[in-house]
Amino acid sequence: MFLIQCLISAVIFYIQVTNALIFKGDHVSLQVNSSLTSILIPMQNDNYTEIKGQLVFIGEQLPTGTNYSGTLELLYADTVAFCFRSVQVIRYDGCPRIRTSAFISCRYKHSWHYGNSTDRISTEPDAGVMLKITKPGINDAGVYVLLVRLDHSRSTDGFILGVNVYTAGSHHNIHGVIYTSPSLQNGYSTRALFQQARLCDLPATPKGSGTSLFQHMLDLRAGKSLEDNPWLHEDVVTTETKSVVKEGIENHVYPTDMSTLPEKSLNDPPENLLIIIPIVASVMILTAMVIVIVISVKRRRIKKHPIYRPNTKTRRGIQNATPESDVMLEAAIAQLATIREESPPHSVVNPFVK
């Protein structure tokens, strides 16, 4: 059963990534159609831009348990100073292992934005949106880093997304506008960006906080409570029992309290068995019913059309008659005649006749 599941996952994954870019991390990978988007402002039609994709598991990255949890953090570095600014943090808990997709149909989702950031910029991997910018401006150009940390892993995977913003200049080309690009974005690795950010000025550590903002960005501990972080404010999109979001379908959200998150016991039966066992039992019951019906129909047809079998014993007795039996019969008849001759019938005396 496990081999069949792996084969199906591989086929589905191959179909999904045929026309996509894959950035493989240590514990999870990123699948996007493009890691860079360009915006022309002012925008004519749509009032937002986004990079679509999803987080996936490749090969040995697939979690071994039935459920997993993790934390995502979206960072932003502008194209001038390359100072990191944490934008959003998302916490996923109770995520089932469904094929190769990561963080879909999770039982709990909790999202926060930093106080010094804007809600216009966000990420929602469970909805297939890796980066979304509403009402983009020239200051939104730069490099965005998505940090992903699974609870069962010891390191954080980082994926880079780029945004170019162009403005209409005073000179016009044949189409009526000329595009002016901000500073060029060369290929920056996650490690290089981190090293650059260490030289930037960081905000002062709030009172009562044991770590700085930058240390918090680089140290995403799975067991660390994000609700008490002084830089975070909770988003409205915090949900419970969140299902897979599809484009064009309105999703309802419900607030939840992560303190009431139940712990999963190791003795609990796997969720796959809870699905497979009823299916197998139903198939066996249906098969047994079909067999019983077939046997009943066959018996009824046999009773309606019985097979005639002659009594061969009587015929054999008649055919096997020998001349000896005829001789004995004749002797008995002769003896009976002799007895009648020797003993004539008695005369009947009528008492009324003298």
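Here the Cβ of each residue, glycine as well, is placed from N, Cα and C on the backbone.
Since the structure is predicted, the reported quantities are computational estimates derived from the model, not experimental observations.
Listed features, source Swiss-Prot:
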SIGNAL    1-17  signal peptide
TOPO_DOM  18-295  topological domain 'Virion surface'
CARBOHYD  Asn33  N-linked glycosylation site
CARBOHYD  Asn47  N-linked glycosylation site
CARBOHYD  Asn67  N-linked glycosylation site
CARBOHYD  Asn116  N-linked glycosylation site
TRANSMEM  296-312  transmembrane segment
TOPO_DOM  313-354  topological domain 'Intravirion'
MOD_RES   Ser343  phosphoserine
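Cβ neighbours within 10 Å of Asn33 (N-linked glycosylation site), excluding its own Cβ and spanning all shown chains: 11. In the three-state DSSP scheme, Asn33 (N-linked glycosylation site) is classed as coil. Take the CB of Asn67 (N-linked glycosylation site) and look out to 10 A: across all protein chains shown you find 16 other CB atoms. Distance between Cα atoms for Asn67 (N-linked glycosylation site) and Asn33 (N-linked glycosylation site): 28 Å, as a whole number.
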